């Protein structure tokens with residue numbers, strides 16, 4: 001087998017990180033009409049890392065393929081991924097069906113096989129469901145090693161072993177694992193580039209394969225967890241402004257905080 | 001009646017098999033320990049959550065320090081609900097590689113007695129639980145903050161801007177627990193028996209290797225479980241100011257030190273101190289934020305603190321909307337004064 005990297009980068013369309021989501025009146029979901037959506041920030045970092053790996057190893061990387069499973073509009077974020085440097089992409093149109101990480105991982109497993117990918121780079125979590133599941137699940141289903149919460153990735157060209165520095169609770173640790181491998185990105189892995197206008201124009205000419213959930217009929221998209229309700233967290237009552245350090249200390253004493 | 005009959009016959013069989021501590025429905029908790037056998041605080045929170053489920057609780061410890069950790073766990077006042085401790089005292093489990101630990105947990109969970117599997121929502125727990133879920137074909141329930149009943153749980157989504165109540169009807173519930181929501185309850189030491197974990201039938205051959213670590217050494221309380229936290233943000237301007245203002249104030253209170261992403265990214269402090277959606281979630285009795293604006297992502301990690309104090313020179317900073325006490329002014333003047341006056345009190 002010739003040594004080549006075929007990188008798969010799954011990306012998710014989520015409500016923009018700067019927007020405070022509103023729960024709908026029925027308490028069943030989050031209001032989505034008229035809300036700004038963008039690429040999940042961790043996935044942006046994943047795309048950037050894939051492109052940087054190619055910049056560091058020009059001959060090694062054969063292809064960077066982006067994939068998104070979501071509404072038809074998810075093609076917008078795939079275009080962004082193409083503009084940032086992905087070569088090809090697949091939109092798996094799920095319409096309004098929201099998939100749980102387990103179903104996403106099962107579909108991605110099939111995409112990995114189809115693309116013959118040997119490195120999958122995903123965001124560590126999506127900022128909407130906050131699950132932090134999909135990468136680990138995909139690694140489990142593929143029986144590949146996993147390097148989660150990556151803060152630094154180095155790939156040895158001759159051995160195809162990746163050295164990954166991971167963010168852990170007390171600091172960081174470095175592990176090494178041979179490809180094929182699943183990596184999930186932490187915030188500090190890199191600073192994603194902006195898609196320039198010329199690159200956005202070029203991205204329109206790059207290929208986008210379109211599939212639907214029906215193409216993965218062997219994967220059940222029935223949710224395993226039933227969301228009974230969504231509610232706003234209890235709001236904190238507005239506090240008071242104090243004028244001096246002494247007043248602050250008195251207040252803290254009065255509520256026995258010190 | 002039939003169920004009751006099954007239950008009694010199962011426990012009868014269990015007795016015959018020497019597993020008298022286990023009944024029909026049990027909870028298994030994966031417990032993390034340090035290299036010298038100390039139990040991770042977040043795992044004690046996981047045990048506390050597990051005991052709320054009401055069934056007998058067993059713990060699984062793995063790694064070369066797990067024998068020592070098992071004895072520590074037995075003595076720990078937070079483990080009163082524990083009935084059994086399994087120990088897999090092997091080097092292979094050091095550093096808790098998900099590839100190695102998952103087959104071990106899988107082995108125990110083959111036993112239909114285990115209806116619930118609980119891990120801490122720590123870096124280790126988050127790396128193991130989903131991999132296990134995929135192999136068992138279950139969707140885990142992650143980072144829960146409340147147990148409604150044995151099948152219904154509450155978990156925050158959208159950076160804590162919404163609370164989802166989810167019902168899980170899968171045979172086994174795989175759960176990770178947000179430590180700050182399940183305080184460790186002190187009871188009596190447990191009488192749990194310690195036994196060897198069963199051998200693993202399918203050991204992972206994946207060639208993952210541990211190359212080294214860079215841990216932040218500190219005598220301070222652990223950020224995730226500290227009762228007081230002093231946290232610094234971009235407003236501190238540089239590392240020198242961070243060290244000269246945050247550290248002495250934390251010392252005067254015996255508090256842990258935290259930071260915003262902006263402070264971490266600017267190199268003011270180590271990233272393991274980051275509080276927020278993507279960092280640690282804390283809920284101390286007292287949180288003091290210095291030079292912190294209060295972005296959604298940071299609030300996600302601290303807004304359940306009992307008392308929030310914000311000190312900032314920008315009176316429009318969003319953090320003042322959640323702060324119980326706000327003080328507007330120059331950090332360089334206010335913080336040394338506060339530190340000096342707090343030290344006097346002590």
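Residue positions begin at 1 at the first shown residue.
Backbone N, Cα and C define each Cβ position, glycine as well.
The domain 'Electron transfer flavoprotein alpha/beta-subunit N-terminal' feature in TrEMBL is assigned to B:27-208.
There are 21 other Cβ atoms within 10 Å of the Cβ belonging to residue B:295 (FAD binding site). What TrEMBL lists as FAD binding site is B:234, B:260-261, B:274-278, B:291-298, B:312.
A distance below 8 A between C-beta atoms marks B:277 as the binding-site residues from B:234, B:277, B:292 lying next to chain A. Spatially close to residue B:274 (FAD binding site) yet at least six residues away along the chain are B:258, B:259, B:260, B:261, B:264, B:280, judged by Cβ distances under 8 angstroms.
If you take the C-beta of residue B:234 (FAD binding site) and look for same-chain residues 6 or more apart in sequence within under 8 angstroms, you find B:260, B:262, B:263, B:266, B:291, B:292, B:293. Within its own chain, residue B:298 (FAD binding site) has B:233, B:260, B:261, B:275, B:276, B:292 as residues 6 or more apart in sequence whose C-beta sits under 8 angstroms from its own. Residue B:274 (FAD binding site) falls within a strand segment according to DSSP.
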